[in-house]
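A.B. asks: First the structure, which I've put down as structure tokens, then a few questions once you've had a look.
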Amino acid sequence: MGEFHVMDHPLIQHKLTIIREKDCGTKVFREVVSEIAMLMAYEVTRDMPLEDIEIETPLVKTTQKTLSGKKVAIIPILRAGLGMVDGFLAMLPAAKVGHIGMYRDHETLEPVEYFVKLPTDIQERQLFIVDPMLATGGSAIAAIEALVKRGAAPSSIKFICLVAAPEGVNALHTAYPDVDIYAAALDERLDENSYILPGLGDAGDRLFGTK
Ligand code: PRP
Ligand code: URA
């Protein structure tokens, strides 16, 4: 079974509270989402493998550590996932970025795919899907499906969100047991419109100032 990690680092928790506030404006919302994403990138890369390399400092030859293993791709689910890309790139500047356009139909609540553009070698990469909200899990599951259809192994995918609902975590684990989920918070539940409670509202609208 994939693991579910809640990142209880005090900085992440503090910053999440700032963006939950309804009076937090677009500028601060955007900045703080990016800061949280950077801190989360630090945590989700904790198990990256290292190998020894020989280098020369100005004084001597020495054996030191360098990252080994798969290269990385960051895959934001549009729109709101875009807000987490810069934070991830700050930690992983050489990562490639793929985009998956997906929105929840407001009537059916089903995800609708409208754009997919990915690095050609996703099957060889460690994939980090980023999206601030995991509500019903429909968008996350459809995004993973889009990657698997193009050759990615579920075990090479990690899903990273800011706020998760228990319903979304269960749905995602049931659909893709090999995908690890990372969240800054596990909230209480979904409301009758499948918004997360207490949540932070509509992440895309808050990030881009739309309504
Ligand atoms: C939001 C959010 C997720 C999705 C989560 O996107 O960014 O992608 O809803 O809900 P789910 O788990 O029930 O699928 P939205 O559909 O509002 O699109 P947007 O980012 O373009 O605003
Ligand atoms: N999408 C959002 O942006 N917010 C929610 O609470 C649920 C889905």
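Here the Cβ of each residue, glycine as well, is placed from N, Cα and C on the backbone.
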A.B. asks: Report the candidate from Arg79, Arg150 that shares the 5-phospho-alpha-D-ribose 1-diphosphate site with Arg104, Asp131, Pro132, Met133, Leu134, Ala135, Thr136, Gly137, Gly138, Ser139, Asp202, as recorded in TrEMBL.
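C.D. replies: So, going by the record in TrEMBL, that would be Arg79.
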A.B. asks: Measure from the CA atom of Met133 (5-phospho-alpha-D-ribose 1-diphosphate binding site) to the CA atom of Asp202 (uracil binding site) and give the result in Å, rounded to a whole number.
C.D. replies: 9
A.B. asks: Measure from each Cβ of the binding-site residues Arg79, Gly137, Gly201 to the atoms of ligand 1 and list the residues where some distance is under 6 Å.
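C.D. replies: Result: Arg79, Gly137.
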A.B. asks: So which of the binding-site residues Met133, Gly137, Ile196, Asp202 sit close to ligand 2, that is, with a CB under 6 Å from an atom of it?
C.D. replies: Met133, Ile196, Asp202
A.B. asks: List, in sequence order, the same-chain residues at least six positions removed whose CB sits under 8 Å from that of Asp131 (5-phospho-alpha-D-ribose 1-diphosphate binding site)?
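C.D. replies: Same-chain residues close to Asp131 (5-phospho-alpha-D-ribose 1-diphosphate binding site) (Cβ under 8 Å, separated by 6 or more) are Pro76, Ile77, Ala80, Gly81, Met84, Ser139, Ala140, Ala143, Phe159, Ile160, Cys161.
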